[in-house]
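Swiss-Prot annotations:
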type	residues	note
ACT_SITE	Lys201	active site, schiff-base intermediate with substrate
ACT_SITE	Lys253	active site, schiff-base intermediate with substrate
BINDING	Arg211, Arg222	5-aminolevulinate 1 binding site
BINDING	Glu238	Mg(2+) binding site
BINDING	Ser279, Tyr318	5-aminolevulinate 2 binding site
Amino acid sequence: MADISIDPIVQRPRRLRRTPAIRRMVAETRLDPADLVLPMFAVEGLTEPREIATMPGVWQHTKESLQKAVHDAADAGVGAVMLFGTPLERDPIGSQAWNPHGILANAVRWAVEAEPELPVIADVCLDEFTDHGHCGVLAPDGTVDNDATLPLYAKMSVVLADAGAAMLGPSGMMDGQIAVIRKALDDAGHTDTVLMAYSAKYASGFFGPFREAVDSQLKGDRRAYQQDPANAIESLREIELDLEQGADFVMVKPAMAYLDVLAAARAISNVPVAAYVVSGEYSMIEFAAKAGALDRKRCIMEALTSVKRAGASTIVTYWATEVAIWLNEVRS
């Protein structure tokens with residue numbers, strides 16, 4: 001067989017992949033502990049922390065366990081914590097959401113007490129507090145009444161800001177929610193409270209394990225107010241509206257299944273863009289790793305890097321503390 005001659009190859013991209021040191025030097029995307037936000041669940045009446053069966057490694061917290069987890073997150077350099085609360089009593093309007101001594105307001109105070117310098121983000125939504133599990137109050141026909149819900153979000157937001165939340169995450173996907181909350185906060189003197197708007201929140205099957213985490217009472221689904229997974233352009237409209245209304249952040253949720261939306265959000269936004277790696281995205285990696293199907297650490301890092309590469313400046317993830325520790329080990 002005759003020798004095959006090839007012309008000299010001048011362009012060799014593999015040169016920049018040859019060693020770990022070179023790969024680190026030319027990496028286009030870098031995770032930092034401060035990029036990460038740790039979501040946490042406080043449960044009223046709990047006497048000891050309880051692991052969530054569908055989210056291995058994630059816990060429902062008591063005051064003591066929450067404060068320890070907040071300390072651990074701060075020590076690792078995590079950027080913030082995000083709090084959700086589950087009350088003992090629920091009613092049709094979710095009145096425990098704006099109880100100044102309710103579980104979520106208390107959890108905010110516990111976190112601030114534990115680490116005064118660590119930003120605390122409080123979720124603003126009624127779904128954990130209503131006996132029907134929807135994100136707002138219901139009209140007589142069973143649909144969520146958008147305009148009747150907005151004043152309740154406003155009351156809830158002021159209570160949480162009073163409790164010490166530096167940031168609020170309005171997640172209910174009600175039209176006009178950012179404007180109403182911003183005005184209520186400003187009128188109450190909380191002009192510096194940051195709004196992290198859940199601008200592009202999809203009616204996703206990946207939220208499944210979260211429902212166990214907050215003991216959801218959901219009846220039906222949320223497709224009439226959360227976004228259709230088939231749509232992307234609609235998200236850009238939602239983002240633009242939230243920015244007009246005073247959002248300081250915008251968010252895409254879920255993250256991994258919506259990287260195209262995240263990239264588009266980054267392209268049109270002049271504020272930080274957050275993305276939430278949700279419970280189902282977390283659990284599918286955890287259970288696949290437990291079954292031996294993949295390398296857990298490698299896939300976690302790849303997943304979070306992909307979210308940052310797509311445009312997220314802030315990533316909400318249940319792996320926040322663990323990943324921050326890994327990142328610190330690499331640097332030391």
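The first residue you see is number 1, and the count goes up from there.
Just so you know, glycine gets a Cβ as well, placed from its N, Cα and C.
Most Cβ neighbours within 10 Å among the recorded positions Lys201, Glu238: this distinction goes to Lys201. A 10 Å radius around the C-alpha of Lys201 (active site, schiff-base intermediate with substrate) takes in these recorded positions out of Lys253, Ser279, Tyr318, in sequence order: Lys253.
Cα to Cα, Tyr318 (5-aminolevulinate 2 binding site) and the residue listed as 'Mg(2+) binding site' are separated by 26 Å. Closest in space to Arg222 (5-aminolevulinate 1 binding site), of the recorded positions given as Glu238, Lys253, Ser279, is Lys253, taking the CA atom of each residue. In the three-state DSSP assignment, the secondary structure recorded for Tyr318 (5-aminolevulinate 2 binding site) is coil. Least crowded of the recorded positions (Arg222, Lys253), judged by neighbouring Cβ atoms within 10 Å of its own Cβ: Arg222. Lys201 (active site, schiff-base intermediate with substrate) falls within a strand when secondary structure is assigned with DSSP. The local packing around Ser279 (5-aminolevulinate 2 binding site), expressed as other Cβ atoms within 10 Å of its Cβ over all shown chains, amounts to 25. Separation of the C-alpha atoms of the residue listed as 'Mg(2+) binding site' and Ser279 (5-aminolevulinate 2 binding site): 23 Å, rounded to the nearest whole number.
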